[in-house]
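Written out below as structure tokens is the structure these notes cover.
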Amino acid sequence: MEYLPLFAQLKQRPVLVVGGGEVALRKIALLRRAGACVSVVAKKLHPELAALEQEGALRWLAQSFEPAQLDAVFLVIAATSDAALNRRVFDEANARQRLVNVVDDQPLCSFIFPSIVDRSPLIVAISSSGNAPVLARLLREKIESLLPASLGRMAEVAGGFRDRIKARIPTTDGRRRFWEKAFRGRFASLMAAGDTRAAEAVLEAELDAPQGPQGEIILVGAGPGDAGLLTLRGLQVMQQADVVLYDHLVSDGVLDLVRRDADRICVGKRAGAHAVAQHETNQMLIDFAREGKTVVRLKGGDPFIFGRGGEELEAAKAAGVPFQVVPGVTAASGATAYAGIPLTHRDYAQSAVFVTGHYKPDSEPFDWALLAKSRQTLAIYMGTMKAAEISQQLIAHGRDATTPVAVISRGTREDQRVLTGTLDTLNILAKDAPMPALLVVGEVVQLHQQLAWFQHSTDAENLRSSVVNLA
């Protein structure tokens, strides 16, 4: 081990920075976050440093470096472009046994700065000992994506309970078990949801009368297909799951991100064909949660946009089971973006309407006159089976038969297909489109050829011709 990782307490400690340029600015920003009292030795200051000096946030010594400036400081940073001056600062600091860092010159450093993941008071530091700083930065980015922002506040709350828990639980093993349960259970979930008061109440209750494991249901939007569109929060939750109930619309790439030892159960639905009845899915969610498990309900797109997520949470609420919701990128947003079709555009559409083509038989019929208005974009989910009716009704209620339309199949995935045509050919386009598919109606569709960027997007005009010819 070339370096011993240490965390320095710099609050109100004097730190000297030699240099007043952009490199010094970056280091000073870090030092100020740690509460250091910063003095800067430089003839000139970067404008942002000058502003900080005017605010009294740092002390400026507008002079040349002198060894006496090191006498009362805790550590030193040399951040100049003058190699001889940097060497002199290093030698003088070493002679006085001061910690010193010459920026980007590892041999002239008695300490180095790591890459930092800041969830204060929780801090993660990553270092390659100066050998591969880019690798350390990439590792930091990965860790950033895995650690929720709520960890810092959770650590603060836990710190506030330490003395009480130590007094109530005398053994080290007992305290370790208490905190492991807290950090893996309902306390952590409530902190992630921002409900500090309820989280503290959970710790209080656990101290007064230890409970069995408490489960919960977390509704997660998996996005339209491309695993890269999964939210960070969604990924974090999937890594904590004991059980995952997922739909057919969830892509293999997203499922691959689920915790390896979590149980996976497909409760998939397609229009008119349910692998598991909705009431059975609701009961499974409740039963698993009552066993103390973290149950992730993974749904394609966004769970609250034609995903029946509201019905599932109504059942959970009625059963007294706690739950959370993690929104996702809905198909109307993701698929159109990957197809180069903006939902709104000042020249073509001032509004966008999301509609489901698979509605309850006893529900009120669509307001076709409203949907047929021009200068708006219709995004129709689960509409391929009713494409003929949709086309006929829109035309009958005033939408021009030559209105551009698109059928986006398996949007955002590697095998995405985009078929374009006009409203009077919508049924032909939709007839053989691979599922899942989104129907888009509106003048914005004509921008597809110009704005298509996704490498798997198909030549729209050729596809349109082939589909029409097949008909």
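Even glycines carry a Cβ here, placed using N, Cα and C.
Note that the structure is predicted; figures quoted are calculated from it, not measured.
Between the candidates MET154, MET191, MET382, Swiss-Prot assigns the S-adenosyl-L-methionine site shared with PRO224, GLY300, GLY301, ASP302, ILE305, THR330, ALA331, GLY411 to MET382. If you draw a 10 Å sphere around the CB of VAL23 (NAD(+) binding site), it holds 18 other CB atoms from the protein chains shown. Candidate binding-site residues: PRO224, GLY301, GLY411. Fewest other C-beta atoms within 10 angstroms, GLY411. According to DSSP, GLY301 (S-adenosyl-L-methionine binding site) is assigned to a strand segment. Every protein chain considered, the tally of other Cβ atoms within 10 Å of the Cβ of ALA331 (S-adenosyl-L-methionine binding site) stands at 27.
For ILE305 (S-adenosyl-L-methionine binding site), other Cβ atoms within 10 Å of its Cβ number 19.
Within 8 Å of the Cβ centroid of the S-adenosyl-L-methionine site, not counting the listed residues PRO224, GLY300, GLY301, ASP302, ILE305, THR330, ALA331, MET382, GLY411, the chain contributes GLY223, LEU249, PHE306, GLY307, GLY328, VAL329, ALA332, GLY334, ALA335, TYR381, PRO436, LEU438.
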